[in-house]
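Comments concern the structure below.
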């Protein structure tokens, strides 16, 4: 059962001291501020992150023009259960039933010569992008964005601090060469009329575009438009989260809950139905295939520890639930 979060408060934290600063005092202060929301709503906004948000939004908006159902741009790379790509690719909408469409891509370091690729290890794939001549720089910018977020401490700073607070050593850091991290570009379209069959209904009667779920990740770094549609489940019921067009929304994934017996739980969240054109760009931070997830005893009380597993095993199991 998901853990009900104590609040829906989402503070904004300046993470520039952790990224660019050398003075240890503001760096410690910034890290400490990111710990509190992990025990509150499970979310916080990261400001002063150094990413060119306008360029990112322009890149994201380009995908909207390419997802027109009359275009074959994405269709040639679409995901289906019969091909070898089980993560990367275009997930098509289903007219009249499913309106949301998305594009997922993985670590650009996964080339044909990568050891995991040669071994045929699941969840390791070479990215397939739309035609570069028709869409110049689209694939290159996407892979640049993946590298910037995963290789820097933009997202790792929060995860590392949360792990240390709960008692874990810092031996399982994310490496650019092996991370299983993924980016999803999710389009919620405006439609007139909007098909009723595509709208879900929550137990409380709220109309939804995406039902409640936990993120199977270390943490999730989200860039989204300022359309208010995200909610978190709290002890006081479902509460709406604030929006920001400039800052990244960061939340705990199930990884931290697994290691800490939910001392740092993954927040249960959902997307309300809003008939408005919008894009959501979550970056799911993952460790490498062979990183060992060893739960630790601090802050677990008398609860039984979860078994130690490799991150690859944990992630693959999470995808099959």
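Backbone N, Cα and C define each Cβ position, glycine as well.
Swiss-Prot lists 87, 91, 188, 280 with the feature isopenicillin N binding site, giving similarity to another entry as the kind of evidence. On its own chain, residue 280 (isopenicillin N binding site) has 184, 185, 186, 188, 222, 223, 224, 225, 271 as residues at least 6 apart in sequence with a Cβ closer than 8 Å to its own Cβ.
Here Swiss-Prot flags 213, 215, 269 as Fe(2+) binding site. Secondary structure at residue 215 (Fe(2+) binding site), as computed by DSSP, is coil.
The 2-oxoglutarate binding site feature in Swiss-Prot is assigned to 278. In the three-state DSSP reading, residue 278 (2-oxoglutarate binding site) counts as strand.
For the domain 'Fe2OG dioxygenase' (179-287), the mean pLDDT of the prediction comes to 93. Residues or ranges marked as domain 'Fe2OG dioxygenase' in Swiss-Prot (evidence: sequence analysis): 179-287.
Taken from Swiss-Prot, the feature region 'Disordered' applies to 1-42.
Other residues of the same chain near the Fe(2+) site, with their Cβ within 8 Å of the Cβ centroid of 213, 215, 269, are 212, 214, 220, 251, 266, 267, 268, 270.
Looking at residue 91 (isopenicillin N binding site) and residue 215 (Fe(2+) binding site), their Cα atoms lie 18 Å from each other. Residue counts for the domain 'Fe2OG dioxygenase' (179-287) under DSSP, helix first, then strand, then coil, are 10 helix, 49 strand, 50 coil.
Sequence-distant contacts (6 or more apart, same chain, Cβ under 8 Å) of residue 215 (Fe(2+) binding site) comprise 251, 252, 253, 254, 266, 282, 284.
Comparing the binding-site residues 87, 213, 269, 278 by how many other C-beta atoms lie within 10 angstroms of each C-beta, the top residue is 269. The two recorded residues, residue 213 (Fe(2+) binding site) and residue 278 (2-oxoglutarate binding site), have Cα atoms 20 Å apart. Ranking the binding-site residues 91, 188 by other CB atoms within 10 A of the CB puts 91 at the bottom.
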